[in-house]
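Asker: Below are the features listed in Swiss-Prot for this protein:
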type	residues	note
BINDING	HIS59	O2 binding site
BINDING	HIS88	heme b binding site
DOMAIN	1-142	domain 'Globin'
MOD_RES	SER1	N-acetylserine
Amino acid sequence: SLSAKDKANVKAIWGKILPKSDEIGEQALSRMLVVYPQTKAYFSHWASVAPGSAPVKKHGITIMNQIDDCVGHMDDLFGFLTKLSELHATKLRVDPTNFKILAHNLIVVIAAYFPAEFTPEIHLSVDKFLQQLALALAEKYR
């Protein structure tokens, strides 16, 4: 679980991420689709899954907006993400492993954007937060 320090660390770095969240979301999603090409299967209905394409940009923004909402609900991620978990489990049928893959790609992009601010301590807190988020999204798969 997230300690008070973890929550403070996430909120601190999120304040820096937020102004660039559209770019970060698009780059993290683009990176995931290139490095883990099996994830493209979930987006076959898009006109293009190429990095920088309009659907990738749009979904990157959607993802980051949802994560932004989660930053404000760190004390109840499971409750907060119930409907989104149901959607991914029952309608979209996304393999929950992909939530961790996206989390990894987000960390890579955040580290590239904020090399000085993304200290090992911040990295640990962000990783714990994103893993909790991934776990909450996977809740309805059980």
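Cβ coordinates come from backbone N, Cα and C, glycine included.
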Asker: The residue listed as 'N-acetylserine' to HIS59 (O2 binding site): how many Å between their Cα atoms?
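Answerer: Pair distance, Cα basis, whole Å: 28 Å.
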Asker: What does the DSSP secondary structure composition of the domain 'Globin' (1-142) look like, as residue counts for helix, strand and coil?
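Answerer: Residue counts for the domain 'Globin' (1-142) by secondary structure: 112 helix, 0 strand, 30 coil.
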